[in-house]
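**Student:** The domain 'PDZ' annotation in TrEMBL covers 135-207. Sequence annotations record features per position, and here TrEMBL assigns transmembrane segment to 12-32, 118-139, 306-327, 354-372.
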Amino acid sequence: MISSINGLYNILNSSSFYLLSFLAIMSVIVFVHEYGHYIVAKLCSVKIEVFSIGFGPELFGINDKSGTRWKFSLIPLGGYVKMLGDDDPSSTTGNSSSLSEDKKQYAFCEKSLLQKSLIAFAGPFANIIFSLVLLTVLFNVQGVLRHNATIGDVIENSAAARAGLVTGDIILEINNHEIKWFEQIKEYIEKYAKDNQELTIKYSHNGSIHVVKVRPTLRETEGNAGKIKAKPFLGVVMSNLPSNYKLQKLALGKSFVQSINYTYLLSKSIFQVLGQILTGKRSLTELGGPIRIAQYSGESVKQNQVLLCMAMISINLGIMNLLPIPMLDGGHIFQYLIQAILRRKEVNPKYQRYAATIGLMLLLSLMIFVTFNDVRNIFK
């Protein structure tokens, strides 16, 4: 009985930790997103009535000198900026007919389509910039996790196997170029063996130095736009032993470049996964929801990886918000683009309500589905 009570207490204690970690991390990311909208709206001379972290009834808040209500609301899954002349927090175009002439100049609905688009885009853009800053600091202060050039496995019948390379060997040089990290192996192989040229590889085997001639095989891979390309392939796999990992601190400039590269690769992978799901190549069950994000947030706090966690979630939030779905920033930008093409400043409110309802139903359905996925994975 006592052990059961202790087990229940541990589960509740762990759940509380994950929940608090999730709320803290998401509150910061949502604040950054909404602050992006806020800043650009202010630059466009739009009056901000409410800046809320969360939805629903207000928990607490304060008013600033410009009359903006800054508040925390009951449901902490998101946030919004309420602008003058903006009928609801989802940023559907409002109506200025009830506004005085003095107030119209500060109303969102009176702004140009370009200004509205910039305000909508500013939230996701702020998330991307925030991620770049976090990753730059992370790579500069903590470092980038690198794998040394130790071979973890050799693929059977590959060029490496024919040359006598085995698990545990450490590649030191390729064509007289020093190799410190495993990713350099692929880089130099593709650079020097693209015309089926023979390479000179220096490596360490049980502490003794050896030199071997290797001619990598050509292997077809799918490149950009689905084009098939033949690339040289050595046939070695990196070692996953913890002793072969090392954190390498980068200079500030290199950290920034690395953060751009990381953000680009993650953004690209998000679009690839979405495309694969839409085309049926991947299952919807792979999508994670708030419970999985909470678990990831809690683990990141335990492992001192909060900056990386925040950066990854922020990138995901920014990219997902750019999807052309009504109620999302991308949906608003898409609407303004259509209006610009049709040269119409306003859209029939009836059609806006239809679009908002469809978007809301899609988002709620997706939220319910991914939450169900999370619960099912817990009890697997």
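Placement of Cβ uses the backbone N, Cα and C atoms for every residue, glycine included.
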**Student:** Please count the residues of the domain 'PDZ' (135-207) that DSSP assigns to helix (H, G, I), strand (E, B) and coil.
**Tutor:** 23 helix, 25 strand, 25 coil
**Student:** I need to check the long-range neighbours of the transmembrane segment (12-32): which residues 6 or more away from its ends have a CB within less than 8 Å of a CB in the stretch?
**Tutor:** 53, 76-79, 126-127, 130, 290, 293-295, 297-298, 300-301, 306, 309-310, 313-314, 317
**Student:** Counting only residues 6+ away from its ends, which parts of the chain sit with a Cβ under 8 Å from the transmembrane segment (354-372)?
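**Tutor:** Same-chain contacts beyond the ends: 90, 92, 284, 287-292, 325-328, 331, 335.
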**Student:** Kindly state the mean pLDDT of the domain 'PDZ' (135-207) in the predicted structure.
**Tutor:** 89
